[in-house]
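> Sharing the features that TrEMBL gives for it:
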REGION    B:1-139  region 'Disordered'
COMPBIAS  B:31-91  compositional bias 'Acidic residues'
COMPBIAS  B:118-128  compositional bias 'Acidic residues'
DOMAIN    B:143-398  domain 'BOP1 N-terminal'
REGION    B:293-334  region 'Disordered'
COMPBIAS  B:294-304  compositional bias 'Pro residues'
COMPBIAS  B:320-334  compositional bias 'Basic and acidic residues'
REPEAT    B:407-445  repeat 'WD'
REPEAT    B:659-700  repeat 'WD'
REPEAT    B:733-747  repeat 'WD'
């Protein structure tokens, strides 16, 4: 048969630690990924076989080489450059934890490996361990919680306590809150939570909260176009005066508080207010590694803004047309940012300073984390590779019947998915960032 | 003088005999004329033609003339016959022929003519002459098959003269130059050369000329009546003008009067209708005629193809399988009605067995061919489509369903907060849900008794509340999680600590606020009680300032419309009497105008001057929805009869455009407050998005471009999408459907 004898000339390249010598190979065009992977394993004489995936011109090879050539109109004479990457196993569901209400935010970043923390629309923060058991829940807000983040505790200030966690939550009730949760190691004593401070700035629901890696600063973004910068020290007195409320309100408040007038959560004021957005700010994050002094925010005014935190000014604005952004995530090198918008796209932006920016493609290919997860309102979580943007590498459906995915956290090979159907943990590839 | 008398006497004597003789003579003479020819003729002719030569017989000739032309011939003969007297001498001088004497025969005693003896002179010898046969005047063809040609005087056969054989004839033609101009004379039984005159006649006949040599075809025209000075000099007739030319004919008059009487009496029907009972047939394929349209071109028979050749190339020949297949097929299904066959020579081709059938089919084709020639308009259908900008260039507009919020029953009404972040939706089971546009999580839920008819968010940005219209009541609700300052202001507006003074005229509408102790998020802070039995509040609409609120109820025939002023806590009915049932009301976004839609008309009132400005006539049987453009110059009206009318308020009372694109009744219309968009929803479960750009320039017509059809609502109980609202500040659309879902459509 003619087709079996047809062959393609191929050069293999890779970023993985398993390089092949640069050489032209004649590969039968009916070969698929499996054959190619076997070839590389044999050529390298690897003791433990490693499955590889192959990228041809920025596209994951899913068919045979000949079919790909026919589809893309590549002649047999041309030499194909195949980049091979270690293939990603499809994620596997580990646990499914149903919630009473929608889960708005999840975090897998706890110091102890075995716990997940979720924030829900009923205003409750819940702590789970691996065995799907509810370890602890506390009602942090009266209104729905929109976002939650862990505050890494500065090593110097507080004694090392594995069982104590500091979390920050933002809510529809216009405030954010810092809460300490202490999980005693012995089973006899109950876990306790203690609200430390309430962050008062915004006049609209707070959409997100983020902490820097050292844990001494917080950023909140809100629907009222403001971004607040806070430090994490617990105030001893109310920094913000309570608004003068009218007679009826005070009466009501007094009635509500009743006898528990003692432990009132202290009201805390922001250290700085970042003001530049013209519409709702949907997410703000701190810079990574050497960009700790920067903040990145995106909003419904179709802009991604980069802030100098120390001076409190917007240093750069990336404007796109009619893309209300919902979320932003930074790449591990901090040079690029992915922004998701309501037009069902995720866009990659180069967020370096305009002066230092070169062509972005070079840095992109050498970046160490070329993959990311997205969750959507159709209930599907997809894993993407930046080098193969045409379709997702793999995807899984968190819940049936179109339940929305509202939050994703990916840490240590675990993907926590929170949303309309509750909370789910999926086992996935290792996050290279950690 | 004596001669005539004598002759007259003789005439009297022998009247009968002479007549006989004369007749005989004539006959004979005629014979002799023919047979003998010229001699006699010339003699006689000389006498006849030239009578004046006879100088001596003047009188005689005069008398002859005087006797008249009738008797001339007989005179001549008598002259000849008589041959006596003084006149004879004179005649003898003239006559060459010997004159006969009439003597009494000795034998018979009868008179007989005796000619004088012929003296044989040189001239008289006729032995050398050919004797003419004297068979007489008989048809010569009688003797064609006989050796003789007749009989002579003695009864002897006159034999045909010997004719030369073919050789002689040939030699004649060679030797005798005149032989080719001679012809065989049957009577003479000899060849006679033709005379020059005869030859000339033959030549003329041969040349198609007039045989008369004297005829001149190019005679000069004698101009009797034409030419200068001759015009009508000579009338055609000299007769005087007859009387009938100028006197009206009495006969005609009578005839006409007869007809007139007949018409008057009704015996004749003038202008009788012409009934052409006979259909006019004509051959349509034939030549054109005047009476009917030019014939259609006959359908052409298909041209023969290569495979129809008697010796087609091999590739046209079917294989055995194909032949078999062809034979098994139904004749109607066959691709062609013959099998290609190959013959090595044309003479081996058998007779064509299908000739009759082919002819029949051809006739059938002609018979069945269309008689009307369809004139095809050569119009490119694409050119008729108006040139519209492509929807991709008019982004953003909603194009996918982003969220779905589910109610227990029909979601009749939705409303979006002025900042575009929150949506309240009400359903028929009395639930009102508050949820954010972007996530769709229901944050708060209220329960009312009865259906929720309408819901509307206050357009003020400094305060935040919304109004829910139910049966006979309006509820003012404050959403939770407000900043304290906004909450305070809202509360102070809706439930001021010092109530405004009550109006002088007590209104049937009661405003009530529960005591401040019992305020909760669950209950309304302010309730307006409409007059009882006013029914479900179907529509609420705010003035742009957020102080006036108009409500429409379905129950009451009169007083269905109320305008509520929140700051004064006062309600008034703007119309004492309304013609028709009010369907919808609207505030003008700029001016103090008020639109009221009844079932068929939209009336526009000036509220400050309290008068009717104009009545718009959409031509819709039952108006279901209406919205005014944010610029205030354009109004769209939708009806249950699927029509959508676009009014340019400055232009006319009639719609600028009537669109009909929904397959079921239009339920809701909404203009986007900032983007140039409007949407319409219908009972067919479909939302249609339009780009509607309105220009400030009065000369430019509004541009309406259909952008997107959003499907996703299910039709339940015959109802589709009940209300749509645009999200403020975003090109997003919120739609509430009868299937209990409220959808958010994102761009």
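Glycine is no exception: its Cβ is also placed from the backbone N, Cα and C atoms.
Map the listed features onto the structure and describe their local environment.
For the repeat 'WD' (B:407-445), the residues of the chain that approach it from at least six positions outside its boundaries are 451-461, 464, 466, 468, 470, 477, 479-481, 521, 716, 719, 722-730, 732, 734-742, 744, judged by C-beta separation under 8 angstroms.
Note: the repeat 'WD' (B:659-700) comprises 0 helix, 21 strand, 21 coil (DSSP; helix = H, G, I, strand = E, B).
Per-residue pLDDT, averaged along the repeat 'WD' (B:733-747), amounts to 90 for this model.
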> Please indicate, using numbers and ranges, the residues of the same chain that are 6 or more beyond the repeat 'WD' (B:733-747) and have a C-beta under 8 Å from a C-beta there.
395-414, 416, 423, 425, 427, 437, 440, 679, 681, 685, 687, 689, 710, 712-717, 719-727
> Using DSSP, what is the helix/strand/coil residue split across the compositional bias 'Pro residues' (B:294-304)?
0 helix, 0 strand, 11 coil
> Which residue counts does DSSP yield for the region 'Disordered' (B:293-334) in the helix, strand and coil classes, in that order?
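Breakdown, helix to coil: 15 helix, 0 strand, 27 coil.
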> Can you break down the repeat 'WD' (B:407-445) into helix, strand and coil residue counts using DSSP?
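Split by secondary structure, the repeat 'WD' (B:407-445) comes out as 0 helix, 22 strand, 17 coil.
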